[in-house]
Ligand code: TYF
Ligand code: FE
């Protein structure tokens, strides 16, 4: 059973006001090449850079942007750094889910008082373009949340970075904003992390998916979605559940060597255009069989899109009380079966595509089997 908690019943003072996702930072083995991939395949623009040429001796970071989505790709130049250790253990993965706040110091102090483990104490960064304050706390695995306060900062990204464009001439693909970021945590620890987001971060439980909603023959997982006061930040948390064989969540935990970010869902206003462009540029998507489309109209009712286009692009559709959504999932974007992307277009629906779970998880399981992990 999935349950929906009406947020109007739980209106209280927002103990941690968040304006949105500020950026997502990956620690990677080769940031220069990863930056090229996000530009050529995903349509991001290079906007800023930090590295030896800008006085940063131990690392290189590339900041990529598409509308409101900002990704930072960081690699280490020092084999013994915390970044190198992270990449050695986890492979390329998400280190920072950065949250845009009006008061980084208060966000840090409040969350630490309520039980967060501090990662980086509040720091003020300044350059000729203004001032940015940052402070970080730990969340699941080695992942951290950085609170970013950028009152009237006018620079390309943050002090320490310089504005930088690339010579690639790349059209964006229509990605607009981060819709949600999903974490995989160890067996039995989902509720602990849901409680962290409720008590420490002031989030509300939005949805619960139990194993009856989402167990196929092999995959069994549990998922709870928490969201912040204004609903701009949504974090589903998955944990593996006992299935017949290895859960997709177990496969992730095994290869990531622990808890971490599983997928980042990015929104578009035109999924047909976005997905055709991503496919043309070589992004690989999970395959859902033709049979998925046979009873789709009966299940979904009328939609604006042409069914033949959806079928051709292998886009999934689901409906809830408020409307419908279109979504598709990439294959993992590393050699390890870890982080992947979801492309989502919401047409009223605020849910996560529960009606697609079976087809989606069976598609994931076919990939798991090809990897010898089922
Ligand atoms: O974010 C969600 O809930 C959907 C569905 O391992 C989903 O995108 C849930 C679990 C999972 C993959 C996708
Ligand atoms: Fe999702």
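Quick reminder: no glycine exception, Cβ is built from N, Cα and C everywhere.
Note that TrEMBL annotation is computational and uncurated.
As the structure is a computational prediction, the values presented were derived from the model and not from experiment.
Quick look at what TrEMBL lists:
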| type | residues | note |
| --- | --- | --- |
| DOMAIN | 20-150 | domain 'VOC' |
| DOMAIN | 177-331 | domain 'VOC' |
| BINDING | 180, 263, 342 | Fe cation binding site |
Taking the mean position of the Cβ atoms of 180, 263, 342 as the Fe cation site, which residues outside that list, in the same chain, have a Cβ no more than 8 Å away, listed in sequence order?
-> 179, 181, 182, 236, 262, 264, 265, 266, 329, 341, 344
Fewest other C-beta atoms within 10 angstroms, as judged across 180, 263, which are the binding-site residues | 180
